[in-house]
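**Q** One structure is given below, represented as structure tokens, and several questions about it will come after.
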Amino acid sequence: MLVNMNTLMEDAKKNNYAVGMFTAPTMPFAEAVIEAAEEMNAPVMVGQVESWRQYGDIEKYGPIMADMAKCAKVPVCLHLDHGQSLEYIMRAIRAGYTSVMADFSMLPFEENVEMVKKCVDFCHSVDISVEAMCGKMPSVYELADHPDLDIREYFSKPDELKEFVEATGADAMTVSFGTVHNMKIMQPMLDFELLKELNDATDCSLVMHGSSGVEVGQIKQAIPYGIRKINAYTKLSTAAQPAMLAEMNKSEEPLFFHELLDIAKKAMKKAVEESIKIFGNGYDFSSRVW
Ligand SMILES: [Zn+2]
């Protein structure tokens with residue numbers, strides 16, 4: 001069933017788990033994510049990201065993904081990740097998305113507040129949930145280009161988070177406390193002291209981006225501190241290549257493209273199932289009737 005993010009956050013809070021949000025630039029990803037969630041009988045979030053719009057047309061894939069979500073046996077939220085313009089956020093809503101991230105964290109605090117407030121006002125009027133971001137999160141590429149950069153300068157500040165949520169009415173907030181985007185190898189050190197202060201500063205659901213390189217123990221440690229949504233892409237997406245290579249090396253004939261896609265999808269599905277299990281924080285989804 002297709003739901004918005006607030007429905008999922010409410011249940012996650014009540015049962016102390018986090019919902020996985022898996023970026024799906026194109027259809028094989030969306031199929032892998034929704035099938036994995038159905039197999040685990042767990043709620044899930046899936047959707048495209050504005051910066052990769054060239055890989056999948058939101059007008060073309062959005063309605064299909066929304067339809068897949070409606071047909072799913074578990075609650076599925078179709079969520080736009082890192083929406084960075086009002087124009088694209090509106091396009092996502094028109095395409096059938098039920099939730100958006102209004103990411104204006106590249107702007108100064110006051111302007112970020114102003115843009116998110118604008119989004120919240122129109123989104124809430126049509127039952128669309130809104131995630132925003134306070135503080136900044138670099139990618140591993142930015143860190144590589146600027147080795148002297150102190151990541152702590154990017155971290156979210158508890159007083160700003162409180163003020164941001166009160167001023168905008170955002171439903172969930174991405175917080176920066178040590179994770180970075182596109183991480184495959186680096187081991188981040190998460191600042192749990194800060195995360196606790198951020199959680200104490202607001203009732204809003206907190207979101208962790210860049211979870212793929214984070215150690216399982218640290219992910220589980222973050223959930224009781226209010227992390228109710230965890231974004232993952234690198235882990236599922238990079239699961240495809242080794243699986244495809246192994247099958248290609250075994251075969252003497254060139255494989256058909258649909259066979260390659262199927263191999264990739266199965267590998268990604270397995271990675272999503274592993275993530276859902278970790279984010280579930282011990283919660284037993286199997287007995288839930290959705
Ligand atoms: Zn992100």
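Including glycine, each Cβ sits where the backbone N, Cα and C put it.
Please treat TrEMBL annotations as automatic predictions, because they have not gone through curation.
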**Q** Starting from the Zn(2+) 1 binding annotation in TrEMBL that includes HIS181, HIS209, which of HIS82, HIS124 is the extra site residue?
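**A** Answer per TrEMBL: HIS82.
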**Q** Based on Cα coordinates, which of the following binding-site residues are within 10 Å of ASP103 (Zn(2+) 2 binding site): HIS82, HIS181, HIS209?
**A** HIS82
**Q** What's the CA to CA span in angstrom from ASP81 (active site, proton donor) over to HIS181 (Zn(2+) 1 binding site)?
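**A** Just about 13 Å between their Cα atoms.
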**Q** Can you name the residues of this chain that are 6 or more positions from HIS181 (Zn(2+) 1 binding site) yet have a C-beta less than 8 Å from its C-beta?
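**A** Same-chain residues close to HIS181 (Zn(2+) 1 binding site) (Cβ under 8 Å, separated by 6 or more) are MET137, PRO138, SER139, VAL140, HIS209, GLY210.
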**Q** Across all the protein chains here, work out how many other Cβ atoms are within 10 Å of the Cβ of ASP81 (active site, proton donor).
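**A** For ASP81 (active site, proton donor), the 10 Å Cβ neighbour count is 25.
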**Q** Name the residues of the same chain, 6+ apart in sequence, whose Cβ is under 8 Å from the Cβ of HIS82 (Zn(2+) 1 binding site)?
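**A** Spatial neighbours, sequence-distant, of HIS82 (Zn(2+) 1 binding site): VAL49, GLU50, SER51, MET101, ASP103.
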